[in-house]
Each structure stands twice: as C-alpha cells, then as structure tokens.
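As recorded in TrEMBL:
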- 1-16: signal peptide (SIGNAL)
- 14-219: domain 'GH16' (DOMAIN)
- Glu105: active site, nucleophile (ACT_SITE)
- Glu109: active site, proton donor (ACT_SITE)
- Asn113: N-linked glycosylation site (CARBOHYD)
Amino acid sequence: MVVLSHVMTMVGFALAFLISVPSMVAHAGNLYQDVDVTWGDGRGKILNNGQLLTLSLDSASGSGFQSKNQFLYGKIDMQIKLVPGNSAGTVTAYYLRSEGSSWDEIDFEFLGNLSGDPYIVHTNVYTQGKGNREQQFYLWFDPTADFHTYSFLWNPAHVVFYVDGRPIREFKNLEGAGVEYPKKQPMRLYSSLWNADNWATRGGLVKTDWSQAPFTASFRNLRVNGCVWSNGASSCNSVSSDKTWLSQQLDATNQKMLKWVQKNYMIYNYCTDIKRFPQGLPLECTVRTKSS
C-alpha cells in the first residue's frame, strides 16, 4: 500500500464540537463496572480506583479488554494515550464487534511507527463478515503525548468515526442501493494491544524492537450513550429514554470538518484504489447521495 507523503501542519483548533447527547444509558463510569480485562495474564490492569486502564505488550503476550454490555446502536467515546517512542510493529485496536462467523465490526486500529514518525489511524467497517473498506489517516497531533478522545457514532443512518469531536469518516446506510449495513447484530466494545509486525509498519518491513518492551497504552473516561442489548431486547425500546443521537446527522459544520480532515490527513481510501478493485469499485463508493 502506497502511503502518500504528507506535510504535517499543526492547525489551531477552535473549541471541539461535542456531539454526546443523553440516552437511556449515558455515563462515564468506573471501569470496573463497565469493562472486563479478558486476556494478557496480568498485562491489562485497571488502576486508580477504576479511573484508568492500561494494556501492555511484551514478547510473550499482548492484552485486551471488552465491555460488559452489548449494544445495538450507540455513541461511544474513550480517551486513549497510545504507546510512546518506538512503537513500530504494535497495533492498538479499539473497535465494536458482534459474534459469529458473519459478524459486523467497526474498527479503529492505531498502527505504531518508529520514533518521530507518525502513527497511522486505520479504520474499517465489516458487514456480515465482509470488510475491505479501509481508510487511513495521519493525526494532527502527537497521540502519545496526552489522552485524546476517539469516538463511534452508530445509528440507523450512518457510522461516524470521530477524533476529539471532529469527524474523520462516515459510512452511510445505503441499503436502498444494495449495500449491507450493520443494524441487526448487537456489538460489544473491545480493545487490545498486540504484535502485528508482519504488516503493521511499512507493510511489515519494520519489526518490533522487543528491547523497548513492555509497550503500554492507556485508557480512561469511557462514555457510553447506547441501547443495551440484553435477553433479545434493546433498552432503547423504552418510550421514556432520550434517544436524540439515534437520529443524529452531520450538520453543515461537521460536514465541513469531515472534508477538511479527509483532504489534509487521509493517506489511503479504498474507494479510490482502482488497482485493488480492477473489476470495479465497491458499490458504496459509487452511490451518490444528497449530502455527497
């Protein structure tokens, strides 16, 4: 995959446009209550009375956690500080995924790099087990120096990926044109830190330097506005719940922000990769909509 050369220019931000709105489940709670560390043999830790979670990776194993609840639609935010220094070969994954062989999935994957080189934000959307919808971005800040907020908005109209309240990608519901959309399978939030030096950095040319281990990523302030799925029913079926985010669209300001990010920081878009799809681009890449 050819990564376009990119001049990283710091752009002063106005106040972040916050999009979180209340729903039946809306909280930034204690991580002990919200997630379980599921693998890593002690390399994943919840600290500071449930206010901080760290995942570590060494040559023996990575680590990961998952949400206690499953959701069928939601707005999910979490602050993450990525592995600092020479993180080449490592991947910090943060994603929603359903169960089964025909799963749905909405991915952030942060691909590590050599010290001083930028992280790559790798995004993907799977429907019915089919992915191949990658878009990749650089960031306009150092994601290892401090915590930044990474968010999913998933409602019946679209999936939107956000960084610090700024939309970077939108995957629209185009079922009317024959494109599968994730709408029937409840998904759980997962995160993991793992070794992927066979592909993560420069296509696998740069390997993980285990002398720098352990590699550690940090997480805090998980906020969920979502429809909890339990025993075959959604909490958002309650008429009393505030579900404003379920119909939330990108307004003109957010559309402008999305175009700005994609113009200045997108480094790969499957929808323009004609060599990869010689038989024709995927259908969702060619459908025109009113807001396109």
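One is the number of the first residue shown, and numbering goes on along the chain from there.
A Cβ is built for glycine as well, from the same backbone N, Cα and C atoms used for every other residue.
Taking the features listed in TrEMBL, we show where each one sits on the structure.
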{"residue": "Glu105", "record": "active site, nucleophile", "Cβ contacts under 8 Å, 6 or more apart": "Tyr95, Leu96, Arg97, Ser98, Asn124, Val125, Tyr126, Gly131, Pro182, Met187"}
{"residue": "Glu109", "record": "active site, proton donor", "Cβ contacts under 8 Å, 6 or more apart": "Val91, Thr92, Ala93, Tyr94, Tyr95, Val121, His122, Thr123, Asn124"}
{"residue": "Asn113", "record": "N-linked glycosylation site", "Cβ contacts under 8 Å, 6 or more apart": "Ser87, Ala88, Tyr119, Ile120, Thr201, Val206"}
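Model confidence over the domain 'GH16' (14-219) stands at 92, taken as the mean pLDDT rounded to a whole number.
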